Amino acid sequence: MLVRKVPGFVPASPWGLRLPQKFVFLLFLSGLVTLCFGALFLLPNSSRLKRLFLAPRTQQPGLEAVAQVASHPRAHGQESPPNPAPAAPAPGEDDPGSQASSRRRKGWLRRTHPTGPREEATAARGSGATALRPQEGSVPSSFDFKAFRSRLRHPVLGTRADRSKEPQSLVHTQREKIKEMMRFAWQSYKRYAMGKNELRPLTRDGYEGNMFGGLSGATVIDSLDTLYLMELKEEFQEAKAWVEESFHLNVSGEASLFEVNIRYIGGLLSAFYLTGEEVFRIKAIKLGEKLLPAFDTPTGIPKGVVNFKSSPFLVGMFSPLDWNQPPRSSIRLVSISWQVRNIRKVLREIDKPFGLYPNFLSPVSGNWMQHHVSVGGLGDSFYEYLIKSWLMSAKTDMEAKEMYYEALEAIETHLVNVSPGGLTYIAEWRGGILDHKMGHLACFSGGMIALGAEDAKEEKRAHYRELAAQITKTCHESYARSDTKLGPEAFWFNSGREAVATQTSESYYILRPEVVESYMYLWRQTHSPIYREWGWEVVMALEKYCRTEAGFSGIQDVYSKVPNHDNKQQTFFLAETLKYLYLLFSEDDMLSLEDWVFNTEAHPLPVNHSDSSGWGGG
């Protein structure tokens with residue numbers, strides 16, 4: 001069963017979600033147009049996407065990514081095969097010999113020299129700059145992959161020379177163990193569930209679900225960039241071949257806009273920007289076009305479900321029967337991109353209780369539908385994408401920056417608490433009453449606050465770094481206080497109990513990534529060894545309690561040493577959990593935070609170094 005950033009996942013609908021709120025919420029959140037959809041605008045030949053959202057403006061010299069789109073007719077209901085680019089660098093072919101050796105950086109975001117010429121030459125093999133003979137269904141490209149790679153401050157896979165000097169070092173051994181876990185998870189999926197959306201390791205079969213409207217292979221596309229990053233070359237080629245040969249868009253179901261965006265669009269875009277392989281760009285643009293009609297609403301706030309039936313551009317609303325919800329409410333939407341400036345204006349001008357953003361906003365009236373504020377499920381990506389919009393814009397999107405720090409100040413004033421035992425946590429707010437609990441999903445916030453500390457006012461930077469560290473410590477305690485050393489779905493601070501679940505329905509662990517995500521960001525900021533120690537504890541717990549003979553599985557109760565597996569290897573385990581663990585034990589210049597921003601599914605998308613003057617929200 002496919003479950004994402006929503007708490008209370010006890011199945012009550014075909015998508016496996018149970019929501020206590022009595023509104024249809026659009027699982028779009030900010031992700032669709034913030035990072036993944038925003039990155040589509042950097043792709044060549046995406047003028048249809050631009051025309052829907054952008055006012056005309058002068059093209060800036062040197063912006064290779066903005067090119068006119070050629071027509072790409074489709075056969076009736078059929079997707080034509082793509083015209084692949086010349087071979088791109090295989091995983092691990094960044095050509096380390098071209099990189100000057102660099103000392104380990106003590107700072108978090110120190111710049112170094114651009115990518116070297118030999119790496120550029122290697123990258124050019126997959127640039128797509130070579131003219132392609134147009135074919136039916138192709139999307140011709142003038143994208144200069146070589147130029148794109150040359151603008152990166154660091155080689156994608158980091159400076160590699162130092163790795164060979166100490167092949168038997170502890171950190172090397174730990175990194176190789178995580179790589180083995182990824183290989184095992186992928187091979188198990190390939191053996192028992194290839195092409196299905198996820199693996200069920202206990203029954204050794206695959207599961208499709210209906211979250212993606214008939215789209216298949218969610219695990220394949222979610223895994224692409226992790227396989228590339230770990231230099232699992234054979235496995236990456238297997239995944240690429242499946243995308244080329246078997247990933248078809250002529251489907252007829254209803255799909256969650258949010259989930260398709262963060263997993264499929266995000267996975268395809270990151271694979272393209274990492275490799276230059278045309279197949280990923282073509283698939284991303286075609287799938288993105290199928291999602292565009294969701295924006296055709298009176299308010300501009302998109303509908304939450306795309307109906308792929310009968311037409312690639314037929315869009316539908318949520319079904320009340322599927323969701324047990326009335327069909328008129330939406331989670332708030334915010335984005336880096338041009339197309340949501342009006343939505344941002346509404347969000348900035350609307351009265352907010354104590355400066356907080358409730359989770360539900362009516363797309364019809366523009367009023368808040370319920371005063372429930374959460375930094376965890378239903379609210380997390382909103383705050384995450386404000387600071388990431390600022391970073392992805394090469395720090396020109398001032399509106400996103402201002403909104404983020406204003407929101408963070410309100411959160412700290414009204415939601416941040418310290419327990420009697422000294423644990424800092426972010427409570428939930430319901431109409432003025434605090435629920436003294438924190439969800440696993442909210443544990444991403446330590447990393448978010450650390451990421452944003454660098455650009456805060458000077459007098460606040462040290463404070464935000466400490467706040468990030470304290471929140472991350474609390475999330476670690478939720479792991480440390482369980483019998484399995486894995487954290488529950490939610491944990492409370494009341495009745496003398498701290499950082500523990502108080503009911504069975506919140507005691508499960510479904511291979512979630514948010515805690516190790518914060519470990520990775522805090523490690524890169526501080527290089528304190530405690531974060532690698534905590535990360536390794538998670539690795540050992542995953543091996544002991546979640547590894548089965550045929551893949552990894554979540555567990556029903558983190559407080560039982562006898563695991564009761566849930567028979568699900570979530571796609572985000574391969575996309576996020578293992579990726580963040582691998583980066584935790586890697587050098588800082590591997591997917592450097594100067595060059596890349598991770599979407600909420602941990603798919604890396606590039607900082608817009610090429611057009612810093614035209615990206616912002618002003």
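Using N, Cα and C of the backbone, Cβ positions are placed for all residues, glycine too.
Features as listed in TrEMBL:
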| type | residues | note |
| --- | --- | --- |
| ACT_SITE | E259 | active site, proton donor |
| ACT_SITE | D380 | active site |
| ACT_SITE | E489 | active site, proton donor |
| ACT_SITE | E514 | active site |
| BINDING | T600 | Ca(2+) binding site |
| COMPBIAS | 102-113 | compositional bias 'Basic residues' |
| DISULFID | C443-C475 | disulfide bond |
| REGION | 65-140 | region 'Disordered' |
| TRANSMEM | 23-43 | transmembrane segment |
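Sequence features, as recorded in TrEMBL, placed on the structure.
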residue	record	Cβ neighbours (10 Å)
E259	active site, proton donor	25
D380	active site	23
C443	disulfide bond	31
C475	disulfide bond	29
E489	active site, proton donor	23
E514	active site	25
T600	Ca(2+) binding site	27
Nearest-integer angstrom distance between the alpha carbons (Cα) of E259 (active site, proton donor) and the residue listed as 'Ca(2+) binding site': 10
C475 (disulfide bond) and T600 (Ca(2+) binding site), distance between Cα atoms, whole Å: 18
C443 (disulfide bond) versus active-site residues D380, E489, E514 - nearest by Cα: E514
Recorded positions near E514 (active site) (Cα-Cα within 10 Å), from D380, C475, E489: C475
Integer Cα-Cα distance in angstrom, C475 (disulfide bond) to D380 (active site): 15
Rounded Cα separation (Å) that holds between D380 (active site) and E489 (active site, proton donor): 15
